[in-house]
Ligand SMILES: *Cc1c(COP(=O)(O)O)cnc(C)c1O
């Protein structure tokens, strides 16, 4: 049998080893060094972000964002309920309370309408909002940015899945006060593990860098006024990141092509509804996501597993998690409905059209 096809496997550009060798030649295996700067620069160049900080993963980047914005004990922080747990755990690290906002039917991302309604009626004003661009598809980011400004709520964009996605030609991650990208093993690009924090605000990134390096004061000895974390990215991993950034546009195009293939082979099927792309936006289609009607997703996952192909249910909404049973939420049933019959399909950029065809044939037999 051929190798297993994963949802989104790492896909090297070919230059990674070359750059890692350069790191070894310079003996700069330690965190920080030339490639960390280069990696940050390449993300800035590509996304148009003004300032960037490379860290160990996107979860720590979100944590730094909250810390920089002064979110702490007892604060309320709004978050997309339809997301991965890494969006939310940093809120807990800060002793703050997540408040979950439901999705809208069109984009599956956070509903701007519900968000606005909540902010108009809530007793306690939230300090910040963490907005996920789900499966690499841009949320209604312009409207949500406006709402946050209007209500004086800081906006952190969780663009962990959406590197390369744009709205009105502006990159997701660059609309908010701060934004994060993930370079985890399953994302569109990977450094095996890594994250980038971006902001227009230079002071935020300077402060984040300070917290990410154990909050060490600028003295010859080790002087500490506050506590920080050990969150900075290693020069070795940054070298991988530089090589990966070189092929980002290629990877986005391939992901979008895989989606088009799925659409082609599953066309005109009333039982299938794909996650849509908002007007004026370009998603990176990190994972092709769809809803199944009259088909049980367990059957599809099992049938695909038999041909050695990975597929999964969509993220289980956070308000449905036992961990958050006592948390506040503002819901209208949308994410629960999508989760009930939603599935994400293998979308690795190494896949061929024949792979997609074989997967679709299995789905159509379920
Ligand atoms: C992957 C992911 C994260 C966490 O990223 P790491 O780099 O693995 O910490 C956070 N939020 C979302 C939406 C993700 O998909």
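For all residues, glycine too, the Cβ spot is worked out from N, Cα and C.
In TrEMBL this protein carries:
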type: ACT_SITE; residues: 187; note: active site, proton acceptor
type: MOD_RES; residues: 187; note: N6-(pyridoxal phosphate)lysine
Neighbourhood of residue 187 (active site, proton acceptor) by C-beta distance under 8 A, where only residues 6 or more apart in the same chain count: 8, 160, 161, 163, 286
Per DSSP, three-state class assigned to the residue listed as 'active site, proton acceptor': coil
